[in-house]
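Student: Swiss-Prot lists these features:
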ACT_SITE  Y53  active site, proton donor
BINDING   23-24, D48, 140-141, Q162, 188-193, 234-236, 240-244  NADP(+) binding site
REGION    264-283  region 'Disordered'
SITE      K78  site 'Lowers pKa of active site Tyr'
Amino acid sequence: MNCNYNCVTLHNSVRMPQLGLGVWRAQDGAETANAVRWAIEAGYRHIDTAYIYSNERGVGQGIRESGVPREEVWVTTKVWNSDQGYEKTLAAFERSRELLGLEYIDLYLIHWPGKKKFVDTWKALEKLYEEKKVRAIGVSNFEPHHLTELFKSCKIRPMVNQVELHPLFQQRTLREFCKQHNIAITAWSPLGSGEEAGILKNHVLGEIAKKHNKSPAQVVIRWDIQHGIVTIPKSTNKGRIQENFNVWDFKLTEEEMRQIDELNEDKRIGGDPDNFFPGGEEA
């Protein structure tokens, strides 16, 4: 992929755009399609969805409406817990591919580890990769012990681990583990998932934002980028989509990076992968 902005190189040498649009909670149809089209018009070349978001069809529609060649847009989607298991995952992939209207998917992830089936699910992802139906495969919400278990039987190690990560929950131990095993990190809810986190009202971020004439959200996105983290802020608002992409004309100083690093509280907002089993514990 020829990136028109920063990319990270995965361990299979595929390049993945470092800033993407997340579409969690976007309504399928016009809302999702418009958000995707606006993002691509603003310069994004990475869209992150999942089957459980129920908006894959809208993502595909937005890509087609943008007029940008398919090969220039990175698309990530995910297999849901109730579809885990070898055969069910293969069927779930084809369903997602059909909904998206795409011949291939750039990155396919296991959405949550669940309890029992992620090893067999991973074997299905390896098959999809070997058949060139996906350009990369990975996981989401996997802790080091989940990855260690997967390493015991996998032929291909995950290229990406998408996890909750923001200034109040910086996942340093997990980031270091993934770095040691050459697994790229993607941050979901990089801005803290709304008002409940209060991240964007933090005075440290506010002061840094003023210095650069940027918003606190832009500062957080820039912090991710300078740490080598792939980041996928979500929005369906055209102005915010454009604002979140406008982060290439400034750079945080070492001191500013350190100040943000010191905000960590190990404050998880979303589910804990060790006791969060959406879609049923049987997964």
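Cβ coordinates are placed from backbone N, Cα and C, and glycine is handled just like the others.
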Student: How many whole Å apart are the CA atoms of K234 (NADP(+) binding site) and Y53 (active site, proton donor)?
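Tutor: That comes out at 12 Å between the alpha carbons.
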Student: Between W188 (NADP(+) binding site) and K78 (site 'Lowers pKa of active site Tyr'), what C-alpha distance do you get in Å?
Tutor: 13
Student: What does DSSP assign S140 (NADP(+) binding site), in three states?
Tutor: strand
Student: Fewest other C-beta atoms within 10 angstroms of its own C-beta: which of the recorded positions K78, K234, R240 fits that?
Tutor: R240
Student: Reported as an integer number of Å, what is the Cα distance between R240 (NADP(+) binding site) and Y53 (active site, proton donor)?
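Tutor: That separation, Cα to Cα, works out to 20 Å.
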Student: Give the three-state DSSP assignment (helix, strand or coil) for L191 (NADP(+) binding site).
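Tutor: L191 (NADP(+) binding site) sits in coil per DSSP, no helix or strand.
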Student: Checking your reading of the structure: which of the binding-site residues V23, S140, L191, E243 lie inside a 10 Å Cα sphere centred on Y53 (active site, proton donor)?
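Tutor: Cα filter at 10 Å returns V23.
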Student: Give me the CA-CA distance between K78 (site 'Lowers pKa of active site Tyr') and S140 (NADP(+) binding site), in Å, as a whole number.
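Tutor: Between the Cα atoms of K78 (site 'Lowers pKa of active site Tyr') and S140 (NADP(+) binding site), the distance comes to 8 Å.
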Student: If one looks at the chain holding V23 (NADP(+) binding site), which residues at least 6 apart in sequence have a CB under 8 angstroms from its CB?
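Tutor: Expected: T32, A35, V36, I47, D48, T49, Y53, N55, G58, V59, K234, T236.
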Student: Does DSSP put V23 (NADP(+) binding site) in a helix, in a strand, or in coil?
Tutor: coil
